[in-house]
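Feature annotations, courtesy of Swiss-Prot:
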- Cys447, Cys450, Cys471, Cys474: Zn(2+) binding site (BINDING)
- 92-106: compositional bias 'Low complexity' (COMPBIAS)
- 325-345: compositional bias 'Polar residues' (COMPBIAS)
- 6-90: domain 'PB1' (DOMAIN)
- 92-117: region 'Disordered' (REGION)
- 194-234: region 'Disordered' (REGION)
- 295-345: region 'Disordered' (REGION)
- 817-824: motif 'ATG8 interacting motif (AIM)' (MOTIF)
- 442-492: zinc finger (ZN_FING)
Amino acid sequence: MAMESSIVIKVKYEETLRRFNACVINEKLDLDIGGLRDKIIQLFNFAHDAELTLTYIDEDGDVVTLVDDEDLQDVMRQDLNPLRISARLNAGERSGRASARSSGNSTPLRSPRVQPPFLNLNSRVSDVLKYIPEPLRESVMKVCSDMTASASSSAPILAELVDAMSEMGLSYYQNQASGSQAVKEAGSCSGISKGNTKSADGGMPNVKIGESSPKKNRPLTALHGEPKPNASNEAVDASVKLVCKSETLEGDRTEDLSSSFKGSKAQTSLVNSLEKDKKFDVRSLDGRTIGYAYVRNSPIPPEKTSDEQPSKGHPVAKPVDLGGSASSSKVKQCNWDSPNADSSGSSINMPYDGFTPSGLVHLNTVNVNDSHNAGSSGSSMKMPYDGFRPAVRHLGPLIPVNACPFSGVPTVNNPIPPQNFSFEVPLKRSHNHSDGTGTIFHKGVRCDGCGVHPITGPRFISKVKENYDLCSICFAEMGNDADYIRMDRPLTYPNPWSFKSLHDLHGRLRPRPPTVPQVIRGFGLKAGRPKLDSRFIQDVNVLDGTIMAPLTRFTKIWRMKNNGNLVWPQGTQLVWIGGDKLSDRFSVELEITTAGLAVDQELDVAVDFTAPEHPGRYISYWRLASASGQKFGQRVWVLIQVDALLSVPKKGLVHEAFQGLNLNLPPAGSGVSGPDIINVNSEPQNVLPEPKSSSTMELVDSVAEVNQNKEQEAKFPINDSLLVGFGDKSSSPSASGSPISYPVIDLTEKPSADSSMQPSAAVAMQAPLQDARGNFEVEMSLLQELEEMGFKQVDLNKEILRKNEYDLEQSVDDLCGVAEWDPILEELKEMGFCDKEMNKKLLKKNNGSIKRVVMDLIAGEQ
């Protein structure tokens with residue numbers, strides 16, 4: 001007993017997915033590969049001869065192509081349910097889909113040079129039966145059955161017959177649907193009107209058919225074969241009967257409507273008789289028979305001269321003989337509103353009705369035949385002029401290349417294809433593979449990697465670095481997903497600019513007027529938007545790193561510039577935003593007049609501060625703010641170093657003269673011009689110290705072991721330029737009550753033999769700076785400062801300080817080469833900040849904070 005089941009087959013073509021069930025008998029699919037293709041062609045309305053490529057996903061997840069029945073059997077062995085198949089039209093068959101063709105046209109858009117005899121016959125018959133009126137449907141079906149059975153080799157005649165029936169049905173259907181007024185037919189089915197006459201009342205011309213002179217054109221027997229005489233006669237007779245019957249029904253139905261025409265009686269004549277061995281070949285440009293009854297509003301056709309030449313630039317094609325032999329072949333040509341026809345041939349005059357027939361949309365008058373041959377052949381074809389230039393792209397699907405414009409059948413001599421017709425095929429929505437990301441740009445945002453502005457496509461915002469963005473290319477090279485946020489679309493603004501011309505980005509961007517370049521980072525503001533802004537110019541006094549004694553009062557002055565596009569209003573303040581609180585005030589109002597500070601003007605801003613009590617490094621951040629509290633512009637800061645040594649009293653008068661020693665300054669003994677005089681005594685008395693002075697002896701004894709290296713003595717300069725708070729102090733020798741005095745030493749002069757005691761006096765002078773307690777305090781202060789900078793290894797810091805003789809700047813440089821700042825410097829280099837010396841200075845200034853260093857570098861670039 002056969003086991004029956006079913007399998008679900010899902011077929012996808014482009015964006016369309018269809019499914020159907022197929023029977024499975026004894027584990028075999030009840031469809032072969034041919035049946036499967038036919039089913040898919042039916043589902044997606046492909047042309048029956050379309051070439052498909054079918055693929056599916058097998059049990060291993062691979063894409064496999066279905067070629068033959070063995071592949072289907074292999075599918076069944078895999079037990080795939082549902083079976084998912086992807087269909088793809090081959091490159092040459094994408095235009096062969098049935099739904100893309102114009103209705104009623106039996107000729108493909110790309111006509112092959114040799115067509116099968118009964119190509120698309122069934123589809124033609126189906127199209128005809130939809131449009132033929134009900135009284136004729138049975139007769140037509142009978143005629144078609146007889147023709148199919150008796151005329152196996154007369155494919156061209158059957159094709160012509162089916163087209164004639166189709167056009168007749170279309171004409172009936174269109175006239176009935178639109179309610180247009182039809183006119184009574186003139187003539188009979190057996191007679192041919194003679195002469196080229198118009199109606200007596202000046203109305204529309206009668207439509208006539210004359211005899212066409214025989215032409216010696218090459219027969220198309222190579223294409224279709226020699227038709228049988230009996231089949232040809234039978235097909236022609238059936239066609240004539242069918243057309244005559246249609247005319248009778250049309251005349252009976254519209255006879256009572258002809259009285260509505262005033263001034264003239266419109267007359268229309270269809271092709272009503274055909275001689276034997278002749279083809280029914282009066283066609284419009286899209287391959288259909290001309291069987292329309294036109295009604296116009298104005299009885300006066302457009303005036304045309306008899307010697308009218310073909311329109312310049314339009315293609316010209318020769319008539320094609322479709323007869324069975326050269327001797328008997330005759331071709332009917334059609335001429336709309338032609339005043340005269342050549343006496344040697346025949347023409348079909350179609351009345352002008354103010355609009356163009358179906359398939360001839362928006363055409364100027366065109367002579368299809370060559371003007372050189374028009375006189376001899378007597379055949380011409382003119383298309384109605386509708387008062388404006390043609391939209392030629394509408395003819396794209398109507399006139400195929402290398403095809404006769406009358407019948408749609410490929411020609412033998414391959415006439416020149418139209419040159420001025422633009423064959424535009426409207427793109428489907430599924431043909432657009434762009435996801436739209438390439439056309440989106442982030443306005444006002446610059447890539448910090450490559451500098452492109454604006455960033456086009458995805459934007460990557462750094463989580464670690466403030467105001468740091470990358471484009472997709474730079475992110476692929478240097479970024480990682482953990483540190484960045486992807487933003488596919490830009491931020492929306494209250495009044496965004498128009499995106500009307502964003503598609504013109506490729507090579508058609510309008511040049512911007514020259515403006516002052518502004519680096520807008522992060523989310524940024526719109527260019528040209530009114531805003532308050534400020535820029536730091538310089539420190540007027542109290543430079544960064546100034547050493548002060550505890551609790552010293554001082555005033556810091558910054559010079560600021562208004563670099564925005566708004567005037568700073570009166571009431572603008574400098575407010576404290578963070579850091580150490582060195583002032584008892586949180587805001588200081590700027591000295592601005594009622595008119596405000598104009599753009600590009602500078603202003604000195606002063607704030608009173610007090611140094612903290614404890615030693616260390618202190619920094620306070622300030623920023624400008626409007627009267628409403630809105631902060632703007634670059635921030636400024638004050639950076640000081642509090643040293644407790646400057647306020648600790650020492651023994652003797654010698655030490656007071658050396659208070660405020662700045663260990664950060666380089667040695668000052670190399671670039672001295674002229675004699676460097678050290679005046680230790682305010683009132684020098686004796687050259688040598690008195691032996692009764694116990695304080696001096698104690699100092700000399702305590703420093704005797706330390707000052708063995710004389711080079712160390714010279715590396716301690718005396719520079720009071722950065723000292724704050726000790727200008728009012730005097731080193732009077734009477735304060736201590738000691739009669740000891742020291743001489744004035746001229747370092748440029750060579751010591752004489754008489755002054756042999758001067759070196760010992762110099763040792764006594766520098767002794768307080770090198771005592772054990774002083775070294776310990778200096779070392780602890782420098783170690784604390786290094787620890788605040790980020791150098792946590794105390795032993796290494798001590799070693800470096802002692803090696804550099806407590807030179808803080810040199811020690812920091814050495815520590816940067818061997819300690820924790822190497823990764824920070826390397827990271828700054830990767831960000832694009834390659835000035836190593838500048839990076840070191842900023843790291844020292846910002847206590848090793850990479851965030852603050854980056855912000856300072858960005859502010860410096862601006």
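Positions of Cβ are set from backbone N, Cα and C atoms, glycine also.
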For the binding-site residues Cys447, Cys450, Cys471, Cys474, the one whose C-beta sees the most other C-beta atoms within 10 angstroms: Cys471
Remaining residues near the recorded Zn(2+) site, that is with C-beta within 8 Å of the centroid of the site residues Cys447, Cys450, Cys471, Cys474: Asp448, Gly449, Gly451, Val452, Ile455, Leu470, Ser472, Ile473, Phe475
Confidence summary (mean pLDDT) of the domain 'PB1' (6-90): 87
Helix, strand or coil at Cys447 (Zn(2+) binding site) [DSSP, three-state]: coil
The zinc finger (442-492) - residue tally per DSSP class, helix then strand then coil: 10 helix, 13 strand, 28 coil
Helix, strand and coil totals (DSSP H, G, I; E, B; other) for the domain 'PB1' (6-90): 21 helix, 37 strand, 27 coil
